[in-house]
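For reference, the structure is listed below as structure tokens.
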Amino acid sequence: TNRIKEEIDDEGWNRMGKLMLKVGHFDQAEELYQELLKGASDDSDRALIYHLLGYLKDQQGKYPEAVKFYEKSLEIYRKTLPEDDASLAPTYSNIGGVYKNMGEYSKALEYYEKSNKIFEISLPPTHPDLAISYWSIGDIYSKTDEYSKALSYLEKALGILRMSLPSTHPHIKSVMNSIAAVKKKL
């Protein structure tokens, strides 16, 4: 793996790791990331690799391990970046997703809201990632039986998605289905 590390540029190793994940080669991806972590030259690289290790563990369903890696990534980022830096939002969102998968909805909401706050500051109001952030929060409110809040966030998400994506995009149909399910429970 040292030879791989030397021959692949930053984008290349990232693509290679993602490809390994996509085809289910989790052990090889983890080995690559651990080797890259050993040779990481700066905090930015280490933070990214910890984030990728968190994603790997998330994909494996090893949620407590995923949270640990994501938190290590955040810890490093927070040393050098402002609390509302745009590059923190995906990690906050991913931690929210892990907690959602674990059924820990209050923690999921906490992290989704942190991510959303950053997205609201750093993204244009019609950006699909902002819509997905609203959708995630709406989903949590739905799971905790707070249907009026869920509906509010889901409708925000749908409005943005309709402005930013083709009408046939699957996200639009998914959010519409979520809205219909929430309306039945109101």
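Just so it is clear, glycine is given a Cβ too, placed from its N, Cα and C backbone atoms.
Just so you know, TrEMBL annotations are computer predictions that nobody has curated.
According to TrEMBL:
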REPEAT    10-43  repeat 'TPR'
REPEAT    47-80  repeat 'TPR'
REPEAT    89-122  repeat 'TPR'
REPEAT    131-164  repeat 'TPR'
Mind checking which residues of the chain, 6+ beyond the ends of the repeat 'TPR' (47-80), have their Cβ under 8 Å from one of its Cβ atoms?
-> 14, 17, 21, 26, 29-30, 33-34, 36-37, 40, 87-88, 90-92, 94-95, 97-99, 101-102
Restricting attention to the repeat 'TPR' (131-164), give the mean pLDDT.
-> 99
